[in-house]
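Engineer: As annotated in TrEMBL:
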COMPBIAS  481-495  compositional bias 'Gly residues'
COMPBIAS  497-507  compositional bias 'Basic and acidic residues'
DOMAIN    18-471  domain 'Major facilitator superfamily (MFS) profile'
REGION    478-526  region 'Disordered'
TRANSMEM  16-36  transmembrane segment
TRANSMEM  104-125  transmembrane segment
TRANSMEM  132-154  transmembrane segment
TRANSMEM  188-212  transmembrane segment
TRANSMEM  224-244  transmembrane segment
TRANSMEM  321-343  transmembrane segment
TRANSMEM  355-377  transmembrane segment
TRANSMEM  383-405  transmembrane segment
TRANSMEM  447-469  transmembrane segment
């Protein structure tokens with residue numbers, strides 16, 4: 001009776017339980033990823049890494065009251081001699097910045113994350129995804145816990161690499177499991193909820209990294225941030241291992257729509273279709289240019305993610321912006337992602353791939369000027385312009401991958417996306433290391449302007465140039481063919497998008513419908 005009654009009812013909610021479980025796990029992984037950016041100053045003071053600088057140590061004073069701004073002093077002797085009404089207001093210490101920090105935030109994480117992500121993707125196609133996800137969750141949770149106990153800088157580097165290895169599998173594994181659990185009409189919503197973990201973890205890192213260390217609970221200071229996230233992570237890892245089971249794998253998109261046309265699919269007008277390889281696809285100028293533009297845009301986002309808290313602490317030491325940054329990144333960023341997807345899917349897809357790229361270029365162009373404002377202006381207008389910029393800037397992610405899957409053939413689509421992500425994460429995730437030498441040459445603010453706002457503008461230009469390499473709207477005959485009984489048709493008569501691999505194959509490769517809901521998602525984007 002129990003098996004047939006209560007248990008059968010609970011099974012109907014299982015898929016939603018899985019969504020909640022993997023989403024919380026993803027949030028914790030991203031929190032661990034970005035905590036280093038918000039705790040670096042206090043961490044550097046204990047572990048002695050990075051640059052030293054003159055900093056304000058009197059929280060009750062405002063910069064306007066000071067006879068000389070601490071951050072503009074480059075000598076420890078002068079720094080410690082500055083007084084106001086007989087009281088010293090500056091201190092010389094570790095700022096949390098420097099080459100050591102940039103290596104810790106970027107290359108130490110990204111180098112492992114990208115390589116292990118490809119390896120796990122291969123294993124996920126052959127073995128039990130639920131078990132692999134459980135193991136990955138346990139690995140990054142253990143790394144977060146151990147980061148709270150480090151005593152040397154190199155300990156932190158090694159554990160960042162270990163955390164990257166664990167988190168590398170979370171997104172692709174969870175995305176595959178959720179895709180198999182939920183029907184097609186719910187997949188877009190479900191994957192949007194899951195990928196909100198990027199902004200959830202990143203946004204939560206601001207208040208946690210800013211306010212928890214100042215409480216100095218149990219005398220642990222910044223270590224409490226990692227211990228707290230790790231303890232919650234242990235619970236999630238245990239639930240993942242004990243309750244998550246491998247769902248039945250299902251075909252979606254084109255594969256699900258054409259189960260019996262394997263032989264016919266390779267023939268067109270009595271001729272065998274040309275063999276398409278990954279090398280043919282990635283060698284296309286439009287794919288190369290799209291990848292370059294995405295890598296530049298990703299660099300801008302990662303530069304802001306790794307430096308935002310430290311930058312605003314450095315230039316506005318007397319203003320608490322922690323909750324502002326939390327609201328902008330979690331609230332505005334999440335809305336921007338959803339709006340970008342809606343605009344791309346509901347409107348732009350009806351006008352061809354070229355129009356998708358135009359929206360991509362325009363969104364980044366619109367976000368560029370306010371991005372400069374978020375660096376140039378004072379605290380209030382910096383947050384206002386940041387919110388405006390973030391809304392448009394974060395539209396890019398979903399659109400760029402919708403474009404990618406539309407211009408490559410299904411036979412090498414997953415491999416192409418994997419290579420695309422590998423290049424984008426390595427270039428975009430590691431290039432921010434140049435912030436340190438550039439900041440020493442021309443200033444920290446100027447370096448952030450170049451690699452953050454400037455790279456937004458460069459990416460918009462590159463996206464615009466990419467548009468001219470894309471196909472326009474499909475001919476009326478081809479569009480009509482995908483509406484009716486064609487395998488690529490969808491409910492409601494939505495028009496399919498052309499999916500041609502090469503210009504010289506345009507007469508032989510058929511139009512295809514894109515399985516948007518199941519496309520892979522990247523978890524290090526900001």
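Each residue, glycine too, has its Cβ placed from N, Cα and C.
Set these features in their place in the structure for me.
Structural biologist: Residues 19, 22-23, 26-35, 37-39, 171, 174-175, 178-179, 182, 222, 224-225, 228-229, 305, 309, 320, 322-323, 325-327, 329-331, 333-334, 337-338, 341, 345, 516-517, 521, 523, 525-526 of the same chain sit 6 or more residues outside the transmembrane segment (188-212) yet have a Cβ under 8 Å from a Cβ within it.
Residues 17-18, 21-22, 24-25, 28, 31-32, 35, 39, 130, 133-134, 137-138, 140-142, 144-145, 147-148, 177, 208-209, 212-213, 215, 217-218 of the same chain sit 6 or more residues outside the transmembrane segment (224-244) yet have a Cβ under 8 Å from a Cβ within it.
For the transmembrane segment (447-469), same-chain residues at least 6 beyond its ends with a Cβ under 8 Å from one of its own Cβ atoms are 285-286, 289-290, 292-294, 296-297, 299-300, 303-304, 307, 311, 354, 357-358, 360-362, 364-365, 367-368, 371-372, 374-376, 389, 393, 396, 431-432, 434-436, 438-439.
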Engineer: Where does the mean pLDDT land for the domain 'Major facilitator superfamily (MFS) profile' (18-471)?
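Structural biologist: The predicted confidence over the domain 'Major facilitator superfamily (MFS) profile' (18-471), as a mean pLDDT, is 82.
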